[in-house]
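Worksheet: one structure, shown below.
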Amino acid sequence: MERNLKNVLVISFGFLLLFTAYGGLQNLQSSLNSEEGLGVASLSVLYAALILSSMFLPPILIKKLGCKWTIATSMCCYIAFSLGNFYASWYTLIPTSVILGLGGAPLWSAKCTYLTIAGTSYAEKAGKHAKDIINQYFGVFFLVFQSSGIWGNLISSLILSQPSTKVEISEEDLECCGAYNCLTDTTNSTGSAKPSNSLIYTLLGVYTASGVLAVLLVIIFLDQIKSDQAETEKEKLEAPSFWSTFLATFRHLKDKRQCLLIPLTIYSGLEQGFLSGDYTKVYVTCALGIQYVGYVMICFAAVNSLCSLLFGKISKFTGRKLLFALATVTNTACIIALLLWKPHPKQLAVFFVFPALWGLSDAVWQTQTNALYGILFEKHKEAAFANYRLWESLGFVIAFGYSTKLQAYIKLYILLSVLVLSMVMYGAVEYLEAKRSPGMPTATKKENGRPHSQETCM
């Protein structure tokens with residue numbers, strides 16, 4: 001158990017170091033590289049590459065390199081993105097964004113595969129249920145990993161909170177902040193003034209060093225999976241080709257329920273993209289300065305993490321419908337308030353209220369939507385979660401893609417429209433489930449082994 005736990009901790013702290021750097025850097029892109037929308041364009045390209053990567057790269061790399069070296073190699077892709085920010089231009093950020101996107105899917109797949117094999121192996125030796133050990137390993141992983149959002153943003157805020165980054169913002173300049181931001185595709189003359197190159201290089205140096213430490217930690221301390229275990233996993237990975245995986249993903253759209261869940265899944269990417277790409281720029285950076293972005297996103301990450309844990313525990317008592325309703329009301333209230341609010345430095349607390357409420361809503365979208373996919377499509381989980389990754393990533397691509405083309409108030413109206421559509425479609429899914437077996441909850445249907453019929457929407 002000690003050796004297996006050691007490997008779990010190595011992976012957990014490796015991801016913590018890596019995403020401390022990437023998470024903090026992602027939240028700064030719209031403010032740090034705002035010229036011609038370079039920052040958000042790079043994020044849009046990144047998620048587009050991630051969509052392609054998830055369709056065919058993970059099985060190939062894990063089969064050829066094994067889990068340990070797939071993790072180490074993929075981590076290097078994230079370091080490349082940090083290096084690209086040292087001289088941010090279309091010729092450096094876009095290629096490194098593609099590299100990161102291609103490495104993202106293999107990284108997460110290899111991590112999941114490694115923890116699953118390690119948990120299964122220990123369970124067999126200890127005579128315990130594999131599911132229990134695997135859940136325990138993933139619990140340890142996410143306990144460590146989730147704090148990366150706090151540390152990455154804290155580093156950026158501490159470094160960028162130097163006197164040289166603080167500028168006086170006139171009342172006239174503040175009129176350009178908020179939903180009706182004057183010019184979203186150019187650099188404001190307000191708090192979005194870029195920090196000095198020395199501070200930027202210091203921040204990027206810390207982030208790059210954090211990524212390098214993550215790679216070294218994995219290379220030096222992570223054990224290879226034993227050959228017999230690896231061969232068993234390779235046999236599983238050899239079966240699906242690119243085209244079979246691709247076709248299985250889209251064949252799953254024959255299920256009407258999957259089609260109905262597409263708006264909700266896209267909304268999950270849209271709302272996250274808005275917070276990290278637009279709220280941080282036209283509200284926080286514009287009115288307070290770039291040094292506050294990290295503190296605001298810490299608030300979001302902390303509330304999100306706590307609420308994810310809370311909602312995961314209370315969902316069996318409240319049911320998912322009540323939680324979805326809570327998130328809908330909270331998000332709708334935030335969107336309407338953001339349309340009406342004129343940000344001002346004197347209202348400092350308000351800047352933190354919005355990400356806190358957004359974190360509460362996002363915790364529902366993440367935990368309950370994932371759980372919903374697992375419950376509804378129990379017999380086709382691989383294809384279902386491939387669809388989840390596809391449509392959520394598409395939401396990110398859209399959010400970052402139109403970030404510099406539209407004013408914030410238009411994006412908020414789009415968010416509100418997609419949210420309303422999502423809830424109508426989600427209600428239709430619940431109606432179909434209730435219609436299949438009136439008076440019997442989904443969990444009971446699963447226990448009784450009753451298969452869900454599939455309804456065609458294509």
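Note: Cβ is positioned from N, Cα and C throughout, glycine not excepted.
Keep in mind it's a predicted model, so treat the numbers as computed, not measured.
Record features, source TrEMBL:
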| type | residues | note |
| --- | --- | --- |
| TRANSMEM | 39-57 | transmembrane segment |
| TRANSMEM | 69-88 | transmembrane segment |
| TRANSMEM | 94-117 | transmembrane segment |
| TRANSMEM | 137-160 | transmembrane segment |
| TRANSMEM | 199-222 | transmembrane segment |
| TRANSMEM | 289-311 | transmembrane segment |
| TRANSMEM | 323-341 | transmembrane segment |
| TRANSMEM | 347-365 | transmembrane segment |
| TRANSMEM | 386-404 | transmembrane segment |
| TRANSMEM | 410-429 | transmembrane segment |
Leading contact stretch, 39-57, 94-117, 199-222, 323-341, 410-429 vs the transmembrane segment (347-365) - CB distance under 8 Å: 323-341
Spatial neighbours of the transmembrane segment (94-117) far in sequence, C-beta under 8 Å, 6+ residues away: 7-8, 11, 15, 22, 41-43, 45-54, 57-59, 61-62, 67-68, 70-71, 73-78, 80-81, 83-84, 134, 137-138, 141, 225, 229-230, 232-233, 389
Best-contacting stretch, by C-beta pairs under 8 Å, relative to the transmembrane segment (323-341) and drawn from 39-57, 137-160, 289-311, 386-404, 410-429: 410-429
Chain residues outside the transmembrane segment (199-222) and at least six past its termini with a C-beta under 8 angstroms from it: 6-7, 10-11, 13-18, 20-22, 24-25, 32, 68, 71-72, 75-76, 78-79, 82-83, 85-86, 152, 155-156, 159-160, 162, 164-165
Surrounding residues of the transmembrane segment (410-429) on its own chain - C-beta under 8 Å, 6+ positions past either end: 179, 257, 260-264, 266-267, 270-271, 274, 278, 324, 328, 331-332, 335-336, 338-339, 372, 376, 399, 402-403
Beyond the flanks of the transmembrane segment (289-311) by 6 or more, those residues with Cβ under 8 Å of it: 23-24, 27-28, 31-32, 146-147, 149-150, 152-158, 160-162, 165-167, 169, 191-195, 275-276, 279-280, 323, 351-352, 355-356, 358-360, 362-364, 366-368
